[in-house]
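Feature annotations, reproduced from TrEMBL:
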type: BINDING; residues: A:CYS51, A:CYS52, A:CYS117, A:CYS146; note: [4Fe-4S] cluster binding site
type: DOMAIN; residues: A:51-158; note: domain 'NADH:ubiquinone oxidoreductase-like 20kDa subunit'
Amino acid sequence: MGAVKEPMAVMAGQKTGEMGVALTTLEEALEWVAAWGRTRAMWPLLFGLACCAIEMMATQASHYDLSRFGMEIMRASPRQADLMIVAGRVSRKMAPVVRRLYDQMTEPKWVIAMGDCASTGGVFNNYAIVQGVDEIIPVDVYVSGCPPRPEGLIEGILLLHEKIRRGQIRLSR
Amino acid sequence: MAIREGEVQEFTLEQLKHLVSERALRGETILLNMGPQHPSTHGVLRLLVELDGETIVSIVPDIGYLHTGIEKHCESKTYTKIIPLTDRIDYLSPMSNNLAYVMAVEKLMGVEVPLRAQYIRVILTELQRIASHLVWLGTHALDIAAMSVFLYCFREREMILDIFEMVSGQRMMVSYFRVGGLWRDVPEGFEDAVRAFLKLMPSRINEYERLLKRNPLWLRRTKGVGVISPEDAIAWGVTGPSLRGSGVNYDVRKAQPYSSYDHFEFDVPLGENGDVYDRFMVRIEEMRQSLRIIDQALRRLPKGPYITPDRKVTPPPKEELAWSMEALIHHFKFWTEGFSPPPGEVYHAVESPRGEFGVYINSDGSPKPRRVHFRAPSFVNLQALPIMAKGCLVADLVAIIGSIDIVLGEIDR
Amino acid sequence: MSIQEVVEAVRARFGEALQEVIEFRGETTLVVRRESLVELCRFLRDAPACRFNFLSDLCAVDYWPDRPRFAVNYHLYSLPHNLRLRVKVFLEEEDPVVPTVTGIWPTANWHEREVYDLFGIRFEGHPDLRRILLPEDWEGHPLRRDHPLVVEPVQFSFNWREIDSRKPYVKE
């Protein structure tokens, strides 16, 4: 976005004569368009870990129908995904894999920690489980429940959409 | 920690050479990594596949990506508080896990369970079997690119989850069975909900069967693929539909009936060839038999208590706490300290949707077990994957993995 | 065919090597010496009176701080006779080695790897004794009773630097 902003601003300024006002309006408009685009086709990474993955599948399936929010395409490749739903407990052996998948996703990218295990370790406070996936990757939205109901996951996703709509376009986080 | 130095073994390439064939070392075959993040490994299974062109030469499964330490965790909890942990072992059939665990504790304590509780347990475990098979059918078909079956299966699964939510308040992690009986009696409307399900389900099972059974694409993908002989299956300890698909008649419900399964009439469906198609047909038929069992149990559901009156293993009823000091003390002691079984060890097995699910408990006489071990059927069945898949095409591998119906949660525990 | 006949057959064949027969809640446990374990298992599988052709489960128990410290349990099932039997071997802490039974029941392969991984009991003659559940570079055997349940402090804020320094395993 950085490269685009300047010529656009100059152009806008030449037309209206009032650079500042046009700059903010245009930037706001651009941000609105970008957020609209990002929320309307957010492709999650097809990546389930444990129990929550079954509820994630139920969210996609006929009864709850995630495609209402433009998210029915789960991508198995991290390169094509925007959103990582960490569905389940992350073990010590899995932690490097989760981190690598996150690193492989292209910007902009978001993470939802689905369920108690992914958020805090849940009931498994022991040697094998990473105590919350936020210890290894940054998380945008936490969804509670063990496992969360599909409605809970949908709410988390809508919350993330809201966050994107309100937030600013940034290249890196 | 009393861990001695030098116990961690470092592996050199030399020591791992035996896992693949000689030809791989000469570069004649390809080594392909599959997983742990792969759409059709049903979780976080990782496979190292050795390929000669497209033909599978050998497979080295690598598991443990979901190791949760449940067995260790059980040692720090009282017997009642372990029940929620057992839900999360095989997260597609929490009822079966609960049943295996509470029955093992009941055996250890020598507790009798009221008949009503036994029947309700049977109804719920069989519903769970259908729910688990529905998830299996949906994902298995999805792997072989039959998308629509997935949507149908999850539609019916929601009905079962609604019944579970009705009785326990949770959709998946129910923790409904308690040592000596149930958490509480089934609510009003439970029987009607199950009857409605029983009425609808046979036609739906026929629908799934019609979608796949004679579908030429499905037959080409499943017939004669992933064959395992009965001898191999027994030697490798395979249980459940994967064993019965090879024609071995072993079902814990029939062989060593528990929870009054001997009161009900049902058949054990068997396959002949031991291929993916036979395992598919066995599971489809098992759903019908489960419906039969539920129907009989519901018709003959006796009245009576839902939990044993033996106060040693059950908390006092809530209403007694209001007026009885002894009940209050007992309630407090029960939830803080728990109960102490006699020293000894028991093993109890049930037929979970995936096979023989066994629980081994070793008690030292204190309120916490010395050791709890879960015999997970998927863990053992997965061992047979290299035998089933040898000589198949790499595209068939996803069909074979689907047909064993693994759940990584119970493999890694 | 009843379990008593199996026990009698084993007693007649092995005598001294059979240390103890425990009956508890209708389950029979044969405690045997380590030296005669493989021979006994082969007998149990092949003898027509026994035919325990199915190894249901194999697990270890840590009796710490009691001695002998470890025990390995073999849960056997006989498909032809519909019987269950447990075979138990006690091991000293200084010498946690037991002969493998993979030659008798191939299914013991992963079970023994699991026991090795979580308890550090070594199986002599096992074809592929590696860690199975835990990462290869893990130190210690967590299911031993003197191993703590929780090994790692929890971190309360997100910080890449802190993560990299404290959780090196994340970076591969």
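Just so you know, glycine gets a Cβ as well, placed from its N, Cα and C.
Residue counts for the domain 'NADH:ubiquinone oxidoreductase-like 20kDa subunit' (A:51-158) under DSSP (helix as H, G, I; strand as E, B; rest coil) come to 45 helix, 16 strand, 47 coil.
For A:CYS117 ([4Fe-4S] cluster binding site), the same-chain residues that are 6 or more apart in sequence and have a Cβ closer than 8 Å to its Cβ are A:ALA50, A:CYS52, A:GLY88, A:ARG89, A:VAL90, A:VAL123, A:PHE124, A:ILE129, A:CYS146. Each residue in the domain 'NADH:ubiquinone oxidoreductase-like 20kDa subunit' (A:51-158) has a pLDDT score, and their mean in this model is 88.
Fewest Cβ neighbours within 10 Å among the binding-site residues A:CYS51, A:CYS146: this applies to A:CYS146.
The local packing around A:CYS52 ([4Fe-4S] cluster binding site), expressed as other Cβ atoms within 10 Å of its Cβ over all shown chains, amounts to 29.
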